[in-house]
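A.B. asks: Feature list, courtesy of TrEMBL:
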{"type": "TRANSMEM", "residues": "D:20-44", "note": "transmembrane segment"}
{"type": "DOMAIN", "residues": "D:69-274", "note": "domain 'ABC transmembrane type-1'"}
{"type": "TRANSMEM", "residues": "D:73-93", "note": "transmembrane segment"}
{"type": "TRANSMEM", "residues": "D:105-124", "note": "transmembrane segment"}
{"type": "TRANSMEM", "residues": "D:158-181", "note": "transmembrane segment"}
{"type": "TRANSMEM", "residues": "D:202-221", "note": "transmembrane segment"}
{"type": "TRANSMEM", "residues": "D:258-276", "note": "transmembrane segment"}
{"type": "TRANSMEM", "residues": "D:310-333", "note": "transmembrane segment"}
{"type": "DOMAIN", "residues": "D:373-568", "note": "domain 'ABC transmembrane type-1'"}
{"type": "TRANSMEM", "residues": "D:377-399", "note": "transmembrane segment"}
{"type": "TRANSMEM", "residues": "D:411-431", "note": "transmembrane segment"}
{"type": "TRANSMEM", "residues": "D:443-464", "note": "transmembrane segment"}
{"type": "TRANSMEM", "residues": "D:522-542", "note": "transmembrane segment"}
{"type": "TRANSMEM", "residues": "D:549-568", "note": "transmembrane segment"}
Ligand SMILES: Nc1ncnc2c1ncn2[C@@H]1O[C@H](COP(=O)(O)OP(=O)(O)OP(=O)(O)O)[C@@H](O)[C@H]1O
Ligand SMILES: Nc1ncnc2c1ncn2[C@@H]1O[C@H](COP(=O)(O)OP(=O)(O)OP(=O)(O)O)[C@@H](O)[C@H]1O
Ligand SMILES: [Mg+2]
Ligand SMILES: [Mg+2]
């Protein structure tokens, strides 16, 4: 079967010399569901395109199962990798109806007409676009196009599924449903899936493995729970979780950590003078003026989540979110004093971003 | 100043006869931030395009302030509506660098060069794309393109801001920041904004007014809180909230509401024999086998939210989410019995979808 | 109302103009006053004429445009319609069409310089002045046939021996070749006689064929005459040296002068019964409302050549062996046979104009 | 912007695009309709009416019209098909694949159109001529190969040479269109494991169909209206086409018949045009320049890389280099079109020598040449600019005004017609029209302006077809973004539409330039000695039988044309860095 092994993968774009992917290593067991997570421009799509065979690596190697599909001179053409890809820009064929778009790959795969018709009906209503079958891509909405793209790719039952932000144009409800559907498809086919997104909720709910990327590198690779529970770097901390963890720039001075004029408690193992980033989980903060160190932020927004209220205050360039049980009486611009716990949940070295054991 | 008043707005697309927008009424006070929310294909983009003047309504009227910009024969051309639009498909000018993309609208608005340079620098780093200024759209990532599009539209300080899912390609972190930035821009300019999205969190956090659309109609119009607190229809209920409320199909029989073989408690005001939809907030459910009516669902996924765990189980076609404090020991496919409260939080008439006072 | 298509009264001989009778000298003064004259010419040798004219009559500028006869006709018509005449003088070929469509329509008028009038046979004075004759005549390869023409009678060309070995430009795309065919039809008695002389029997006409001439054309086409696009192809086909049995073909006698240059062995077939081909005029007409009437006439006078044996430098560009001045006081170049010995028919444009279309139609039926 | 609703005309006027449409229609009325009307009128006079019956029904109609019609349609169709096949294929190779020396191929592929079609016919003769006509035979025959008549003469060589001549058209248009296709469309197809052929056939081809159809239409029109090839290669076996019949009728003084034939040709073309329009506009508009910076894919040819490249080169060499050399050689040959008689530079730089061509000096010494070259270039450029602007406007209206089928339909047709109006008729019409002052406008006859106007009219087909397919590639969003920014039509045109369409437009412009630079039939009717043109000089020499001089000038023309084409391609590059970058 086809697990995916990626080692030292690198991509430099010729004319501009942009290095989009810079030494990525991944180990994806058969049937796993890998989510490539990361901020915009971090190299997710490029990585995915190299997996698909649409982009040739400028370095490193990609294996599907035992076969090297890219690297060391060999390049297996996309069509022979038995992989399907959903593009970020749908890439539907504008001159074909929705049905034709889904049917063509099956025709290519020499599926007999009767079977084709069946399969098309199947995937079309799996994605709830049956009634659009005879429209042209130009005549359907963004989200509808996105779903057609998904239908088109899963139709031939490829054994590696590649998704480039397939859900980003779907509404919450449909997204949740499609999420479950995709997982169903994924499990049913036993295919190994690689799923690009910048929405860490999708990572949380779907992934068996997450690779959080940044500037073309993998920042942390592991299960969603791992990334959430102990982030390897402050970047991971601020990227994972809804709401994400808060970090404050601080410095260790005579045994204490201080952020600006706020004292954050004992420096512990942190060497004197080190610039650090102190992480606080939103749940460990509360509003008020003490007891304990107080951070003076300015109210930005409030979001009801899971029956609670996530209040966000701005402190300099940092956004500080606090989880409350009640909506606070504040509107945009009001002062929002936040009480910090005795010591940060985690401390990261500001220079390396790595965690400092305390 | 320019509030927006829309009445009986209608759009039928010529060849296919699709009715994309079907009698929409909106009343948006000056400086308000209206979010057009709704599932894919409900007519959000089309409505927005009519506000921008890119589509001519086939019925109804649009007023910006006192002036009729569309309807009753008159059509004010887009350029003269003093409105800016961010397209769902970025619609950047591929032959212009990022800077040029932002600059050109200013040139058209006859802004002197010096001022232009200033303004460009301003918006470029407002959206953190300063270093991309000299790249071409083809050379930057999807999300980067989206941000350029936003910069381009806010640059000339239009007095009506129209957004078509501007954030859908941004990662969570950037999205949150951009959200705040947009609000800042919105408030600073005092412009009236219309913001299309299918992400109700955005609606919750940004909107002063929300219009939830469905099949080209406005299902409910009000403040985010209103829609969340008392949804006018079961559709609203299932669309709003993270996680959204759960609804079960049920029927009133001799004074009791029953869903399949599960008893949901006293029917109250519901007339015997009426088919209804019973709504339960995720927070009012818990896992277990009683006491109280039990719904036997199958585990689908779990999402950590605001320090809690949202567990989703599938019951027939319904997805039931429950908010817990701990991650349950269940994996895909396990049985997930859910305990319901003594009576539903709301009851809707299955036929009309409207609420039945109880 | 100059310039309306029937400006100077259609058909009717143009009203006599006082200028017509002036002598060269008298014209000259007035011409000097006008200072310029414009001419359309179907031959670019006009450039040489222009230079010579301006040398002879300093102060009078010749503006020459060389465009083909067909285009001159179209252009002159259009200019008339627009009421803005382009040229004072038109020097052109395609006589039958010119008479039919320009002269009769009053778009051109005739002028015969008094100086040369007496030296011109009537047919070259009326209806339109002709300055010289050019030819389309049967020619053969003298390298392959050192002892004279391989045919003595046009009818031989319809024999199997010459099947596919007679070359000419398609008469349906070139006026002068159509004139050749037309002349043959007009000369049907002679064609008939020639047939009897060769075969001893009178021509019997296929159905739909009305004369011996037409019959000859029909037979020639039936005998696989090879049609090409331009005379140079004919010259090359017939004249090229080093051929076993080269074809014969109808082409321009004066092209023989290029033999050495082009390494050809073109030679005119003389003593061909009833005639090897035609001689046809190059004509000169005045614009009925010429902007420079005097200078125009002076140029016409010039084009006819000076009073010397050879027409002098005025006529030099046209003084080539194989072309024939119409003036009988100018002796043709020695290198070429006299027109009489060449034995071609000199066409009568007026007569041709009448039947030309029918011949064209006949050709059409022959494919 | 274009939704049907009450008050269509009012809406048209309200909509700037609509107004542009009306303006364009007005211009076309002057440039195309009036000449057409004149043409029709002249065939309605008594002689004309007779001509109609002769052509259509008379006993002559078969050989005067029906047979030539059949031949023309055959030639035209084959030319169109062949051109699209070769041109499209080559464009695909150059734009979409990793074939080596693509730039060279691209350049060579544009040369044939710059060559005069007689040069290609000549090349064919040089190789395949047999002894049917007599004179000296071609290379093969010299080698003792018996060349059958059907190869040496008639439909086969005519079509072949025409294809060799006009596939450049399809190439330029197709290449321009392909260059704008979002690579992800092809990649999506590649992912399915489809072969390169399947992808090309089912995805790439349909997406660029509009451009291909434009190319085919041009090739067809050129094919049926070309005279040189059928005259040189067809007549010897009596292979008559409408163009030979038409030309013949006019030169032998039966102008009305010629015009009737022309009108019938127009009719035929119109039918074909509408048929093909159905193909194009029946589909949706496949805008391929999207606001999402779509990536451009390069198809790796793998094993077929070598063979395909070789094939492409073979094609280019045989259609551009070979004829080019033959043309060049023939301008040095002592003897007309014969390379056995030795060579001389006389026709280029020789001083006057009475024994050769009546003392004609070498063309480079002819003072007229400089003058003529300048005028020619000036004319070519002016017309190229004018025609391209007009053509773009037409294309824009046709594409963006999809609401009003009748308007766009007739615009398309009108802009296509000038091809089929015989140059001589068009010229005559313009003299009649502009020979007299029109209101404030003085009589333009004899001025450079008239040459330009006529040139624009004559080359409109190229410009319009190019404009149309180029504009068709630009997605609405991209332009609407400018609309919202408040950019008026003109502004959008200058800053968005033209730049984005520039690749296609430049291609079109170079076609226009080439066509004008070598066009004769039209210009010769309008030029005055004050405005000498190279093409007119070639006529001057040719008419005197100075073939070498004519060829020498033709070589100059070819150099100009190729130069222009190269320049156009050069301009494309810097013009569109984003494309290069994303590839
Ligand atoms: N064809 C290209 N030429 C040059 N640079 C490129 C090209 N394609 C992408 N890049 C650059 O490579 C980096 C990674 O691009 P990529 O599309 O992989 O980002 P991404 O993670 O998919 O972002 P997003 O989530 O916004 O799509 C970006 O900085 C982008 O600007
Ligand atoms: N040009 C068109 N012709 C015909 N139907 C159209 C056209 N554009 C949109 N539609 C249809 O109108 C409906 C509304 O489209 P619209 O783009 O407004 O949806 P939307 O709410 O923006 O969806 P999404 O969130 O997916 O973008 C859809 O059913 C779509 O298929
Ligand atoms: Mg991406
Ligand atoms: Mg939309």
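Keep in mind that glycine also has a Cβ here, set from the backbone N, Cα and C atoms.
So where do these features actually land, and what's packed around them?
C.D. replies: Sequence-distant contacts of the transmembrane segment (D:105-124) (same chain, six or more residues past either end, CB-CB distance under 8 Å): 87, 90, 93-94, 99, 157, 160-162, 164-169, 171-172, 175, 226, 228-229, 232-233, 309, 312-313, 316-317, 319-324, 326-327, 330, 337, 510-511, 514, 518, 554, 557-558, 561-562, 565-566, 569.
Residues 74-75, 78-79, 82-88, 90-92, 94-96, 106, 109-115, 117, 120-121, 123-124, 204, 207-208, 210-212, 214-216, 218-219, 222-223, 226, 229-230, 233-234, 239, 241, 288-289, 296, 318-319, 323, 462, 465-466, 469-470, 473, 503-504, 507-508, 510-511, 579 of the same chain sit 6 or more residues outside the transmembrane segment (D:158-181) yet have a Cβ under 8 Å from a Cβ within it.
Away from its own ends, the transmembrane segment (D:202-221) comes close to residues 76-77, 79-84, 87-88, 92, 96, 162-163, 166-167, 169-174, 176-178, 181, 185-186, 189, 194, 269, 272-273, 276, 279-280, 283, 286, 288, 416, 419-420, 461-462, 465-466, 468-469, 472, 504 of its chain (Cβ-Cβ under 8 Å, at least six residues beyond either end).
Same-chain residues lying 6+ beyond the ends of the transmembrane segment (D:310-333) with a Cβ under 8 Å from its Cβ atoms: 86, 90, 93, 99, 101, 105, 108-109, 111-112, 115-116, 119-120, 122-123, 126, 164-165, 167, 339, 341-345, 347-348, 547-548, 551-552, 554-555, 558.
A Cβ distance under 8 Å defines the sequence-distant neighbours of the transmembrane segment (D:377-399), meaning residues of its chain 6+ beyond its ends; these are 17, 20-21, 23-24, 27-28, 285, 407-408, 411-412, 415, 448, 451-452, 455-456, 459-460, 462-472, 493, 497-498, 501, 505, 508-510, 512-513, 516-517, 533, 560, 564.
Remote same-chain residues near the transmembrane segment (D:549-568) are listed as 107, 110-111, 113-116, 119, 324, 327-328, 330-331, 347-348, 357, 360, 362-363, 369, 373, 376-377, 380, 384, 506-507, 509-510, 513-514, 517-518, 534-535, 537-539, 541-542 (criterion: CB distance under 8 Å, separation of at least six residues from the stretch ends).
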A.B. asks: Between the transmembrane segment (D:443-464) and the transmembrane segment (D:20-44), do 3 or more CB pairs sit under 8 angstroms, pairs being 6 or more residues apart?
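C.D. replies: Yes; at least 3 Cβ pairs under 8 Å.
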A.B. asks: Can you name the far-off residues of the same chain, 6+ from the ends of the transmembrane segment (D:443-464), with a Cβ under 8 Å from a Cβ of it?
C.D. replies: 28, 31-32, 35, 169, 218, 221, 375, 378-379, 382-383, 386-388, 390-392, 394-395, 412, 415-419, 423, 426-427, 430-431, 434-437, 508-509, 511-512, 515-516, 519, 522-523, 526-528, 530-531
